[in-house]
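Have a look at the structure below before the remarks.
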């Protein structure tokens with residue numbers, strides 16, 4: 001029982017890291033490829049910092065701090081940011 005995955009992720013996802021997967025293939029998403037939008041779109045300006053935050057239930061107590069941005073430093077705080085645009089346009093990613 002100690003070896004069981006309490007979240008069952010091993011049963012849900014059978015991705016072999018040795019095999020190429022389209023979602024991880026950066027060649028499919030060239031930075032110079034224009035993206036057309038027909039209506040509103042969301043642009044991610046700053047991703048969250050990768051440091052292992054997880055969802056917490058109310059019974060686990062109060063928040064354990066804010067969610068810092070990827071470029072956040074000790075003396076220069078930043079936070080994840082998005083931009084919502086309501087018009088149609090062509091973006092260059």
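Backbone N, Cα and C atoms are what each Cβ position is placed from, and that goes for glycine too.
It should be emphasised that the depicted structure is a prediction, and the values quoted were computed from it without experimental measurement.
These come from TrEMBL:
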type	residues	note
DOMAIN	37-84	domain 'RHD'
REGION	64-93	region 'Disordered'
Count the residues of the region 'Disordered' (64-93) that DSSP assigns to helix (H, G, I), to strand (E, B) and to coil, and report the three numbers in that order.
-> 0 helix, 9 strand, 21 coil
Find the average pLDDT over the domain 'RHD' (37-84) in the predicted model and report it.
-> 83
